[in-house]
Each structure stands twice: as C-alpha cells, then as structure tokens.
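**Student:** I grabbed these lines from TrEMBL:
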type	residues	note
DOMAIN	B:5-65	domain 'HTH tetR-type'
DNA_BIND	B:28-47	DNA-binding region
2 protein chains.
Amino acid sequence: MARAGLTADRLTQAGAELADEVGFDNVTLSALARLFDVKVASLYSHVTNSHDLKTRIALLALQELADRAADAVAGRAGKDALVALGNVYRDYAREHPGRYAAMHFRLDRETAIASAGVRHSAMTRAILRGYDLAEPDQTHAVRLLGSVFHGFATLELEGGFGNSSPDSQESWTRTLDALDALLRAWPAPD
Amino acid sequence: MARAGLTADRLTQAGAELADEVGFDNVTLSALARLFDVKVASLYSHVTNSHDLKTRIALLALQELADRAADAVAGRAGKDALVALGNVYRDYAREHPGRYAAMHFRLDRETAIASAGVRHSAMTRAILRGYDLAEPDQTHAVRLLGSVFHGFATLELEGGFGNSSPDSQESWTRTLDALDALLRAWPAPD
DNA sequence: CGAAGCTACCTAAATACATTAGGTAAAACT
DNA sequence: AGTTTTACCTAATGTATTTAGGTAGCTTCG
C-alpha cells in the first residue's frame, strides 16, 4: 500500500481547483478523497473537518488575490491604480469562480483578522491616496469601491447582466471611468 | 391520521422563513418536514426535489422585493427615487438575509426570464429617467447601480465592513449621495 | 542496521439529507 | 354511497460527514 502523500496544503490546493470546476458549494471531502484515491476518513488526519477545509480554501484565495492585487498596483497611482486593482478582482473572479466564492466563506473573527483580508482593504485605501479624500470619506470610498468590485464581479459571474449588448466588458470600462470621475469630484454630504 | 394540509406555496413560504433564520444553504427538505411534522418523502408530492424548492423560494424573494421596490419608487423621481430603491434593497437584505441570498440562486434561463427578476432591471432603468442618460450609457448605469446595491448589501451582511466607525449607515448615505452626483454628471468615455 | 515510535491511511459504524417505488387512508366528486 | 383522487406513509438506496480504533509504511535513533 503506497501512500498518497497528502498534506493539508495539497488538499487545500486540490480543493481550490475543484471549487473552480464544480463550484465552492460542491467541494466535499468525499470528492477530494475520490480525487486522491483515498478513503474519506483518511482526510481527517490532515484537516479537522469540512468547515476547516473550506476555511483553508478561503484563506488561500484571499492571499492569492491579495498577492495579485499588490503586484498590480505596485508603481501605479490614480486612475491607473484604480483600473489595475479593479481588473485584478474581476479577472480573478472570472478565472477562478470557485476561489472567488470561497473568499466570502464566513470566517470566525480571529481567522479573519489574521487573514489576507486585511491587506485588501489596505490596498483599496492605498489607491485612494491618488485622490484627495480625508477621513471619514476615505473609509466611505473604500466601502463603495469594495461594493462595486464585488457586486459587479458577482452579477457578471451569475449572468445577471444577460449576454446581450452592450457586452459587460464595455460596462466594466465605463464603470471604472465613472468611479474615477466620482473620486476626483467626491461630493460633500447633503 | 389528520393531514397537515401542505401545498407547494406553504412549503415555499415556510422555506423562506427558515432561510431567514438558518441561512438559505441550510434550508433542507428534512428540516421542512420536521417543521410540519411530516415524513420527508411526503414533500415530494408538492415539490419535485430540493432544487425545485429553492427555485420557488428564489422566485418568491424576487417577487416580494420587486413589489416593495415598485411601491417605493412610485411617485418619486431623481435622487428621491434612487434613495428609495437603494433602501428597499438594503433593508430587504437586512430583514430577510435568507431570501436575499435565495434571489441569487441560479435559475435556468426560462425560469429567470419568467421571473420577477426582469422587473428589477426595469425599475432601475425607470429611476434613471430622472437623469439625463441615453443608451448605451443607461445600460451601463443600470449595471453599476445593481453592482453597488448588491455589493453593499452583501458585504454589509457578511460583516465585511467591520463594526467599527464610521458605521455602515453613514457609508450607505454617502454612497447614495455619490451615486446621485455621479449620475448627474455621468462622464463620457475616455 | 534493526528496533521503536510516529503517522498516514485503513475498516467499521453512526448520523443526516435526498430521492424513488409502491402502499393506505382521507378527502373530493359523482 | 361508491369511486376517484391525492396527501401522506413505509421501505429502501445512495451519498456526505464524522468518530473510534486498528495496521502498515516511514523515520529516527541506539
């Protein structure tokens, strides 16, 4: 009986790939066991349970995306940085829909705080340095950008925009234009 | 043996309430059967399977929210209408998180086309009549508004904004202000 | 190099949900 | 009242999760 050589990391990685193929909700320990040609119970030596596996996939995705984002915004500022960051989010969601969904798996507070999730808001805040926003407006803008990026990616993925004209790429470009214009002329409260 | 008096509608309604309590993903036929003190197999006389039940809950939510939205925007225009529509979405997500999640259950194309989902985009388009946007910009704006509403509601629900200052109500108000300003001064493409 | 210990993987069993096939009794209709 | 319809049932199968306890392969150290 040769061993399969499983580790938590290999399971997480395989789980992430599986998520992209069949959807995050359909990532099961059973499916992973089949993949590695191993009995299900054996996986419990590596992850504590199904929830643990999903948490690990979520953390993987958060980190992967944070890395990409950091890379994309490095050396850019203003609209250039905004577009780069937005594209990283949208492209990741399209290339890795399962991992993207995994990122919104509910983490307990400690795990969330220790996760790469914090880097995401930090980076969004960073690109706002190219615009002239003082607190608390900066925080409002961070939340708005997060909402648009996440909302657009989600709706586009689930086909909420239809597949008719104008195509969603066009809408995305114009959305980024609009956000840039908005941030340059951020309105005072009414 | 007195009968429970089940119908597809009663199951759907109970399923929607259950979704709000335990989350849409945790709505199971088993749980519903327990609720009505009936054997699980009995439910298959009323819904064809679990997927069917979830579809029905999704349709219920879409319709319920479309009704509320229609009510809210009636007799309003411009920013007034924008704020009303935005609030309907956000409030529904907070009051009925399970149903809100249900709305994004993937429907097959026919079902989606026959659903109240189409009323949603129609209403968003309607409030844009208060702003001066010609096609295809109007479609881009519809998609942007959808993204912001959905993204904000989702992130707020899952605690993505933290519970620190400034509170999310404040960000929401400012987001609506920002959208209004943006729509009034919609930028031309670069 | 061989014994000791660690651990990766196993079998077995309990629990839960989804689904189908085929039966019985309550309601509805004539 | 008799017949049809149907709401609900029992029984059985398949799949996923999880725990308890065992065995064989790898590592380590005398």
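In case you wondered, yes, glycine gets a Cβ from its N, Cα and C as well.
Help me understand the surroundings of these features in the structure.
**Tutor:** Note on the domain 'HTH tetR-type' (B:5-65): its mean pLDDT in the predicted model is 97.
With helix defined as DSSP H, G or I and strand as E or B, the DNA-binding region (B:28-47) counts 14 helix, 0 strand, 6 coil.
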**Student:** Would you kindly list the residues that approach the DNA-binding region (B:28-47) from elsewhere in its chain, counting only those six or more residues past its ends and only Cβ-Cβ distances under 8 Å?
**Tutor:** 4, 6-8, 11, 14-15, 18, 22, 53, 56
